[in-house]
Amino acid sequence: MHGKRSRCSFSRLEVILIVCLVLMIALTVVLLVLHFLIKNNNDSNNRAEPAKYLVGVGRADCTGPVAQVPLMGYANPDQVGGGLLSRLYSRAFIVADLKNSRRVVFVSADIGMVSQRVRLEVLKQLQSRYGQLYRQDNVILSGTHTHSGPGGYFQYTLFWITSKGLVRPALSSIVNGIVKSIGIAHENMKRGRLFINRGTVENSQINRSPFSYLANPQSERNRYSSNTDKEMVVLKMVDEDGSELGLISWFAVHPVSMNNSNHLVNSDNVGYASYLFEQEKNRGMLPGEGSFVAAFASSNLGDVSPNTRGPFCANTGESCDNPQSTCPVGGAAMCMAKGPGNDMFESTRIIGQNIYLKAKELYEKASQEVTGPLSSAHQWVNMSNVSVELNATHTVKTCKPALGHSFAAGTIDGVGAFNFTQGAVEGDPFWDQIRDQLLGEPSNETKACHKPKPILFSTGEMTWPHPWHPDIVDVQIVAIGSLAILAVPGEFTTMSGRRLREAVKSEFDSHGTPKMNVVIAGLCNVYTHYITTYEEYQVQRYEAASTIYGPHTLSAYIQLYRGLAKAIALNATQELPPGPEPPLFNVTSLTLLPLLSAENAPANKNFGDVLEEVRQEYREREVAEVTFVGANPRNSAENATEHNFLTVERYSSISNSWHTVLNDASWDTRFYWSKGSQGQSNVTIEWHIPAGTEPGLYRFRYFGHYKKRPFPFLKTITVPFEGSSSAFQITAP
């Protein structure tokens, strides 16, 4: 019996196994406890992470008149508005310091460029509403550079020529839209945080003046992998709870996917990117509605085209990628850039979607937080007379504004007229003689200052009825912690932008503010055409011929912006001299637009009646279309606000009612206006039905205003009206 083992005893192996099991359980418990402690701590930190700033975002319509007003960008007098593809918006972002009254404003508006007139009127309204809270030093106004928005909002004579003067409804719509967007952002300020990210956008741009770019030193070009800036910078904004507020993206590409044959007002490729982002974030909202605001702002886009298939001769199909951008038959007028789509609408979608997708990726991965104080530095400068120290022994000066012969040649994105070509370094006796007779010969001083540019228009010496070009120009930098936004008054080329960014970053570095993220915001505050490098200027393609202050324009801007950066780095912005204030000309009523007069409907018809009805049934990828008895859309722009020209409505059998699913800001709808005779006009509405459209019963509605003269010799009055199509069915594919 003594050989029997006790029931409570264990072998050595069993003891070892039990001990190992206990240790494993204990270790697992410890690891789980640590995991939950760390997770809770991280979650607590994320929730409790203090907000760094007050942040506000806002968006407002700034579309203006969509008919009869020349579109701004291509300088083509035949390109006037004839309808609407998408609405134009001003998108405003305010960042304020939690500890003091410092704040900065960045506005990106869907317009060709910000004019000095717009800038001055916006600042005047802001001062009236908010006192000295929003000023010329801390408010940046930037245009996206769409070439499909109404013109007529300038006070300098050159821009009146193709815009038919100053068009007050266009100017007022832009000014009021910008001010309203800032007001919405001001009212919605909340504690928040900012994050920055950057990445590369592929297959969305080419350099449209590669022969100019090649004039830059090879040692400089070797530092870069491309002759365009492919980098996108995204600034993400969230509130202190992590809820999304908005974003600003800066990327260099011309919004000229819609070419100069287009007559529909729209915001082009970058506007489509904004549309996609805002529709995604503002789920269930119509375009233009919802609190999330996404701006795709311009940068150093001067020589950057979205027409990625490059220049081809329109008459033969052969490449015209040569220094003069000319074709064997037809010359420069036949050389036009294409792509990437089969037409301008498809190209707009492709480029816009590329930009949107990269911004979405960068936005979602943005983790580098922007922190630090807010600063702003601003000066007005007479750019016609800036002394530039190139080195210790050599000083040069800028010139009075002038445009060269190649300015009239246009670009491969929008060709000019007559026999002008890019790359002209000598004048044309025929055109020079006409210029001398009509406008006066440029002075010898101006000719010498601008060499090798042959001057076509000496705009700095032309003053009737008002100056043709600005002398007084804004230079401005706004710093949000480690982010410096350079507000530049024109279109910097790729290499010009690189040199400016590097110079400003070096200035910050040398004065104790390292690792600044420096971005260029283009077409800000006042428009001064292009800014090329000195080397590109010698080639005198379109961009150089349009560098209006002469060959040392870029050097002057680099010197000025270095001064602003130094003042910010040393906290000495108050010591900057403000400079000479720009003029505000009294040109509020000078326009060549046709007057709005009384209108008529056809016999036995009323405004809003259907002339050509919809089909009873459509499938996705087809185009639903209806034509109404219409009226001039200018009536609506001049007499109504927050106005939609069209809606697409879907019938709900549950509520037994119609619900709006699309409006005139939707990219799949198109609104065409056609002027007839005897005061009559038609409106055609199209819906390009996309794949995935929900089957059901739909209809169009049209909203307009017509002019009526109630009694002879009395003033006309504006009368609202509306119309509706028959219902039509969209069937499943």
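Positions of Cβ are set from backbone N, Cα and C atoms, glycine also.
Residues or ranges marked as active site, nucleophile by TrEMBL: Ser305. All protein chains shown were included, and the count of other CB atoms within 10 Å of the CB of Ser305 (active site, nucleophile) stands at 23.
On its own chain, His254 (Zn(2+) binding site) has His145, His147, Arg208, Leu301, Val304, Ser305, Pro306, Asp413 as residues at least 6 apart in sequence with a Cβ closer than 8 Å to its own Cβ. Sequence annotations record features per position, and here TrEMBL assigns Zn(2+) binding site to His145, His254, Glu491, Tyr530.
Annotation comment: TrEMBL describes 53-559 as domain 'Neutral/alkaline non-lysosomal ceramidase N-terminal'.
Residues or ranges marked as domain 'Neutral/alkaline non-lysosomal ceramidase C-terminal' in TrEMBL: 562-730. In the predicted structure, the domain 'Neutral/alkaline non-lysosomal ceramidase C-terminal' (562-730) carries a mean pLDDT of 94.
The transmembrane segment annotation in TrEMBL covers 12-38.
Within 8 Å of the centroid of the Cβ atoms of His145, His254, Glu491, Tyr530, where the record puts Zn(2+), the same chain has further Cβ atoms from Ser298, Leu301, Gly302, Val304, Gly490, Gly522, Leu523. The Cβ of Tyr530 (Zn(2+) binding site) lies under 8 Å from the Cβ of Gly302, Gly490, Glu491, Phe492, Thr493, Tyr542, Glu543, Ala544, Ser546, Thr547, Ile548, each of which sits 6+ residues away along the same chain.
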